[in-house]
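Undergrad: Annotations per Swiss-Prot:
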ACT_SITE  50  active site, nucleophile
BINDING   49, 50, 51, 52, 109, 114, 115, 116, 120  substrate binding site
BINDING   189, 190, 191, 192, 193, 194  NADP(+) binding site
SITE      99  site 'Important for activity'
C-alpha cells in the first residue's frame, strides 16, 4: 500500500484555475464516495478550500492510483487528464506525509502559519470518516497530523503575529486599548480593504461599527452584508466624537480627516483615546494629528513595519516547526512497519491460547475431581508458560518490522509456527469491498 497526495494550490495554479477545481460543500460527500469506488483507491480524503483542492489517498499501486485520481478530478471539473497533471503536484510516501503535515500546520499557506487550514483539514477528515472512505492508515495519520499542528501552534505561537495590513490595523488598536469588545469603530470606505478591516474588527469582538462612504449605497451594501451600521461621509465629524477606532481606506485625493476636524472634536471627547489607522495611499488622514493629546495616528508605513517584524517572527516559528517534521515522518513509518507484524503476533497468540485451552479441556476430562481453585492455578500457570515461550518469538517478529525483507521473513516466521495472518493490504481491500456495498445501499435507499 502507498500514500499519495495530489494537490492543486496557489503555487501550481492561478486563482482563475483554482476557482474551476473547487468542490461545493454539498458535493463533497458524493465526491468522496465516487473516488472511493474507483479502482486502486483503498482510502481517501478530499480537501477543498478557496486556495487548494487536494486528494489524499492510500492506493494499492502508485502509478495506477495516481492516474485514477487525476482522471477523477478531470471528470469532476470538465478537464482533460493532462490539464490536471499540468496544474497539480504529486507527492508520494514520505513526501506526501510531509506535505500533509506542512499543510495542516499552515506552513504551506499563502499566509504563513494561518490556523484556518487546521480546521479545514479536520473537517475534511471527519467528513471522509463519516462517509466511510478512511481506514486504519488515515484514521491514524490524520489524527497525528492534527495533533502535531495543534502542538506546533501552541508551542511556537506562529499565528499570534499579524501579517496582513488589515489584521495589523486591529492589532495596533489592541495595543492601545487591550480588549476591544466594548469599543466603537468607524470604517471609512467600502472596498476590499475596508471589508477585511471590518471582518477583523468583528473578529475581535466589536459589534458597534459604522461604515461611512462618499457613495452611501456602497456603505449601505457593506453594512447590510455584515449586519453593522452605516452613515453618510458628511456625518463623520459627529461620529468621531464618540468613536474609539477609525480605519480608513479610500481612493480620495485629499484628506478625509484633517487636523482641524480632530481639534474641533477633541474638546468634546473628554481626553478619551482615539486610534486613527490610515491604510490608504494616498493618505486619508492628515499627518501630524498624533501631536494632539490621546490621538494615535498610524499610516501604512507604521503597519508595514509591524507586518514585516511579525513575518520575521512567523518565519522563525515556521523553521522551528519544520525541524520537527522529520521526527513525525519517522514515527509514522514506524507505526506503518508494525501494521504487518501485528496480525502475525495476534495469530501466534491465538494459536498458543487455543493450545492452552485444549490442554485445560484435556485436564478437566482426565482429572474431573479438581476443585475450582486448583483449576484456576493450573490455568494460570499454563498461560504463564505460554507467555514465556512467546516472549522471544514476539520480540523477533517486532524486530522484523524494520527489516528490508520483512515480508519474506514474516512469511517464513508464519511457516515455522504454522500460522496464517491476513496482511494489511488484504484487510484494506476487504474493508473497501464491504464499505462500497454500504455506499451503494445508502445511495439506493436515498434514491428511493
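For all residues, glycine too, the Cβ spot is worked out from N, Cα and C.
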Undergrad: With the substrate site defined by 49, 50, 51, 52, 109, 114, 115, 116, 120, which remaining residues of that chain have Cβ atoms positioned within 8 Å of the Cβ centroid?
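TA: My list of surrounding residues reads 106, 110, 117.
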Undergrad: If you count other Cβ atoms within 10 Å of each one's Cβ, which of the recorded positions 50, 190, 193 has the most?
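TA: By the 10 Å Cβ neighbour count, 190 comes out on top.
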Undergrad: Can you name every residue in this chain, apart from 189, 190, 191, 192, 193, 194, with its Cβ inside 8 Å of the center of the Cβ atoms of the recorded NADP(+) site?
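TA: Counting only non-site residues, the set is 187, 195, 196, 197, 222, 249, 250.
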Undergrad: Quick one: Cα separation, residue 189 (NADP(+) binding site) versus residue 50 (active site, nucleophile), in Å?
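TA: Cα-Cα distance, residue 189 (NADP(+) binding site) to residue 50 (active site, nucleophile): 25 Å.
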Undergrad: Cα-Cα, whole number of Å: residue 192 (NADP(+) binding site) versus residue 50 (active site, nucleophile)?
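TA: Computed Cα spacing between residue 192 (NADP(+) binding site) and residue 50 (active site, nucleophile) is 17 Å.
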Undergrad: Residues with Cβ closer than 8 Å to the Cβ of residue 191 (NADP(+) binding site), same chain and 6+ apart in sequence?
TA: 249, 250, 251
Undergrad: When you tally the Cβ atoms that lie within 10 Å of each candidate's Cβ, which of the binding-site residues (115, 192) has the highest tally?
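TA: Of the binding-site residues 115, 192, the most buried by Cβ count within 10 Å is 115.
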Undergrad: Determine, from DSSP, whether residue 49 (substrate binding site) sits in helix, strand or coil.
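TA: Reduced to three states, the DSSP call for residue 49 (substrate binding site) is coil.
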Undergrad: If you measure residue 194 (NADP(+) binding site) to residue 51 (substrate binding site) at Cα, how many Å is it?
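TA: One finds 22 Å between the Cα atoms of these residues.
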Undergrad: So among the binding-site residues 51, 109, 120, 194, who's got the most Cβ atoms within 10 Å?
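TA: Per the Cβ count within 10 Å, the most buried is 194.
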Undergrad: Look up residue 189 (NADP(+) binding site) in the DSSP assignment and report helix, strand or coil.
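TA: Where residue 189 (NADP(+) binding site) sits, the three-state DSSP reduction gives coil.
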Undergrad: Any idea what the Cα distance is from residue 99 (site 'Important for activity') over to residue 190 (NADP(+) binding site), rounded to a whole Å?
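TA: Taking the Cα atoms only, residue 99 (site 'Important for activity') lies 38 Å from residue 190 (NADP(+) binding site).
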